[in-house]
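Trainee: One structure, as structure tokens, below. Some questions next.
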Amino acid sequence: MAKTLYDKLWDDHTVHVEEDGTTLLYIDRHLLHEVTSPQAFEGLKIAERPVWRISANLAVSDHNVPTTDRSEGIADPVSKLQVDTLDANCDSFGITQFKMNDHRQGIVHVIGPEQGATLPGMTVVCGDSHTSTHGAFGALAHGIGTSEVEHVLATQTLLGKKAKNMLVKVEGKLPRGCTAKDIVLAIIGKIGTAGGTGYTIEFAGSAIRDLTMEGRMTVCNMAIEAGARAGLVAVDNVTLEYVKGRPYAPQGVEWDQAVAYWSTLHSDAGASFDQVIELRAEDIRPQVTWGTSPEMVVSIEDRVPDPEKEKDPTRRNAMERALEYMNLQPNVPMESINVDKVFIGSCTNSRIEDMRAAAWVVQKLGRKVASNVKLAMVVPGSGLVKEQAEREGLDKVFKAAGFEWREPGCSMCLAMNADRLEPGERCASTSNRNFEGRQGAGGRTHLVSPAMAAAAAIEGHFVDIRKLG
């Protein structure tokens, strides 16, 4: 019987199935950070349970760490407590951790892949919804809650019910100036933030195959914004070349054995999907969100939508509320919207290719950050990304243009550290969520690609980067 990639991964990790379909899955890799792990470790201590498989775990502090000078530590007492608690718990239980001043430290969904801790065919979980990122490797990856974090630490298994299969095919060649971020925003704009609810999405088609691993990670990262719990891309030579030689990757005979298995990690011909969505890459344009949900997105050449043209009353009300919060008027050209701050970073877009794309735009425009932009910041996803960017001189490009070059961390993606928006400030952001208050109380977030964010910083407003040549 022909199987989808999701079917294969699920079946390969099934330990036991109850009569109602509840399945006990084996978990290969567990990633931890400081926000969702303290209560889980406390539960282990109270029950006097050990960590079942210490080597399956990898931890890092990312949400609360400062992205400015770290020599003076963490100023906020709550943030400091969370980071210190993770340090103490990992030391106590013997779990490998990249602490704040380790040059390998970074965002958990960046360091996992770059260390080779994320491998094809794995089940990967983390107490973070954007664990879907790791599905780019043909791994079944999704976020879990704190009680489940404790369960995985104690048993290396997890209970769940199988989702339905969705295939999203993007065929054709992506136009110049468009990126993986534009692909996934266009997908979400098409199916909505509830379109993937109850599904695991496999992303396929020639436009997906043409993406680098970093691009595929961007797409899978935002599967959760489409309502899905997980996103997947089949394994191919691009996957294998990325993984080979990384610290956690198998070597020698074990590598050959792994590749033999990994090469089977694709949907079989004739495999049945519960739903199929198709897009043409040629139709995708640089995307910008205008509202307070990732599905509220248009191309840069469009105007802010008019709620009066929406027939569905529920959607119309949501649009009206979003426009009020964002302080935007219908029919305003997207290119005329000014920005106050620019954030290039997050687990969606903080890898070396993102840094290069943004730096290229800065060099191409050849000017400094616009006078109306209060802050433009670039936050690498890890210490290794930062080091690579500095070897290439990208930091000098940014700093010369007036951008701030920061230390790695989640930063302004969420208002959980010192990097945040003030009420009423408008931000061009390469992150993944534009909910009310996501980047700070009263802050207004527009999701874009790194190139689009860099251009907005220089021009002071959104621009169509296809015009740059």
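Quick reminder: no glycine exception, Cβ is built from N, Cα and C everywhere.
What Swiss-Prot lists as [4Fe-4S] cluster binding site is Cys347, Cys410, Cys413, and the listing cites sequence analysis.
Each of these features: where is it, how hidden is it, and who are its neighbours?
Mentor: Proximity of Cys413 ([4Fe-4S] cluster binding site) to non-local residues of its own chain (separation of 6 or more, Cβ distance below 8 Å) is seen for Phe343, Gly345, Ser346, Cys347, Ser429, Ser431, Asn432, Arg433, Arg438, Gln439, given in sequence order.
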Trainee: Please report the number of other Cβ atoms within 10 Å of the Cβ of Cys347 ([4Fe-4S] cluster binding site).
Mentor: 26
Trainee: Would you count the other C-beta atoms found within 10 angstroms of the C-beta of Cys410 ([4Fe-4S] cluster binding site) for me?
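Mentor: Other Cβ atoms found within 10 Å: 30.
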Trainee: Around the [4Fe-4S] cluster site (Cys347, Cys410, Cys413), what further same-chain residues have their C-beta within 8 angstroms of the site's C-beta centre?
Mentor: Asp62, His63, Ile107, His109, His130, Gly345, Ser346, Thr348, Ser350, Gly409, Ser411, Leu414, Ser431, Asn432
